């Protein structure tokens, strides 16, 4: 049973009645199995597509390295940027439950269409001729069908990403208020733990099926997972608290910009000596006219001409963090390099013992494991040891952690360049110049340092960014804070695509072999990663300037003052 209550701004919101019988009250812990089940299955299904995607595009669609990587970059960019639009639509127009349900259905349809590319021979080019070694490129319709299916998956996943975590927290507001104050903290912990578990499943079980049982079964399994995810979210329909949409902060940002533009030509005049504002010499302040500008309830009659101080401050807080956010975008370029590591691992000895061979795409699991280990070691070992050595509690600020993450990201691409230089020299020495699939006598264990450094860099910078935005923004901007990292990843994907295309075009002039060659033994990916290292070094210096220019974070001024006082 539900009732409608009115917020301060007059929006109608559905809330559960505070009933004594908890069985008839909506929301609560009983909704979490449906929401978390949907999240785990959706994450596992979509994460299973990325690791082997470059091999699928190169082997089945006969694409070169650059074309296949561009498709992956653009697909990843849409998947990361679209949730910002999805969150706006869910909060302002559609509602969170409707968004996550519709997103699950759309992702299921897209995943099914993508699976058809592996089942229907006409959906992809014919195999290369064994005797002639001639490979036909994909036809226009085949490329359209491939990109269309991936686009549908991206739209569905974006709708899910934008609402899943927030929708679960909606169910626990009364649980926290009434009887279980730790429910929300446990929910977030379980959500991220199960998210990590879904990545492990995708990078091990599902990748193993793709490599050893074929693409049809390998891409069919995620379709089944997506089907179960869709059923999971709808099975809990009778139990959910469903909040109605209300005006979004994004609308407020646009209103401030439009109002500033429309009021830019106003001449300031008259009274108000008791109010202090920054103004040009010779001008005075114009206050809202209660009869013309405000309604009877105190709201602006035209919010696109008159905005509140809170709206202006929220936009200022967002603009203030943009320079630091941009440094995270450059780090995302390094993290976006998912295609080459698979091709690199595919040419190295990946055996454990004499019989078991780790799939090349499964090496991403070491990034996930390293990230989890780093978080545990940071909280349980590094901070306690540092506190014991200094004799006082040690706490690294968000800006320090973000900066250290940028340093580790620079080291990671530098290590990739060195390891690839060694691998390429061995491949050429062993006579594999014309055989990019030949396995050289070099252990894939050499890839672990770069995986660990990438994981540590991402964990430090991403967690630091999340905490930085949430602590610096007003409480009303929590949803915007949570979406900034995903937006940065999407922009980083697009920049990575632009950078790869530029280097490819510049290095293959006059008949030279491109550094981004499909034959990695003839290409120069070591040089390519050195360029990424150069960008990372410049980005570190820019971050130092931006961090100092930003000034102290909230709470740091008080801590500095206490340390200076005797």
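Yeah, the Cβs are placed from backbone N, Cα and C, and that goes for glycine too.
What TrEMBL records for 35-58 (among others) is transmembrane segment.
Long-range Cβ contacts of the transmembrane segment (70-88) within its own chain (Cβ-Cβ under 8 Å, at least 6 residues beyond either end) map to 46, 50, 53-54, 57, 63, 99, 103, 146-147, 150-151, 154-155, 157-159, 161-163, 166, 248, 250, 336, 338-339, 479, 483, 486-487, 489-491, 493-494, 496-497, 500-501. For 70-88 (among others), the entry in TrEMBL reads transmembrane segment.
According to TrEMBL, the transmembrane segment annotation covers 100-120 (among others).
The transmembrane segment annotation in TrEMBL covers 140-160 (among others).
For the transmembrane segment (190-209), the list of distant contacts is 32, 36, 39-41, 43-45, 47-48, 51-52, 165, 168, 217-218, 221-222, 359, 361-362, 364-365, 368, 371-372: same-chain residues at least six beyond its ends, Cβ to Cβ under 8 Å. Look at TrEMBL and you will find 190-209 (among others) tagged as transmembrane segment.
Annotation comment: TrEMBL describes 215-241 (among others) as transmembrane segment.
Same-chain neighbours of the transmembrane segment (321-340): 50-51, 53-54, 65, 68-69, 72-73, 76, 364, 399, 402, 405-406, 409, 412-413, 416, 454, 457-458, 461, 465, 468-469, 472, 484-485, 488-489, 491-493, 495-496, 499, 520, 525, 532, 535-536, 539, 542-543, 546-547, 549-550, counting only residues six or more beyond its ends whose CB sits under 8 Å from a CB of the stretch. The annotation transmembrane segment is assigned in TrEMBL to 321-340 (among others).
Residues or ranges marked as transmembrane segment in TrEMBL: 360-381 (among others).
What TrEMBL records for 402-419 (among others) is transmembrane segment. Sequence-remote contacts of a segment are chain residues at least 6 beyond its ends whose Cβ falls under 8 Å from one of its Cβ atoms, and for the transmembrane segment (402-419) they are 324, 327-328, 331, 334-335, 337, 341, 396, 446-447, 449-450, 453-454, 456-462, 464-465, 468, 526-527, 529-530, 532-533, 536-537, 539-540, 543-544, 547.
The transmembrane segment annotation in TrEMBL covers 480-500 (among others).
What TrEMBL records for 527-546 (among others) is transmembrane segment.
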Selected stretch (most C-beta pairs under 8 A with the transmembrane segment (35-58)) from 100-120, 140-160, 480-500, 527-546: 100-120
Same-chain residues at least 6 beyond the ends of the transmembrane segment (100-120) whose Cβ lies under 8 Å from its Cβ atoms: 38, 42, 45-46, 49, 56, 60, 86, 90, 94, 145-146, 148-160, 163-164, 167, 214-216, 218-220, 222-223, 226-227, 229-230, 233-234
Same-chain residue ranges lying at least 6 outside the transmembrane segment (527-546) that approach it to Cβ under 8 Å: 323-324, 326-327, 330-331, 333-334, 337, 402-403, 406-407, 409-410, 413-414, 416-417, 420, 499-500, 503, 515-516
Intrachain residues whose Cβ lies under 8 Å of the transmembrane segment (140-160), provided they are six or more past its termini: 38-39, 42, 46, 49, 61, 71, 75, 78-79, 81-83, 85-86, 90, 99-100, 102-111, 113-114, 116-117, 123-125
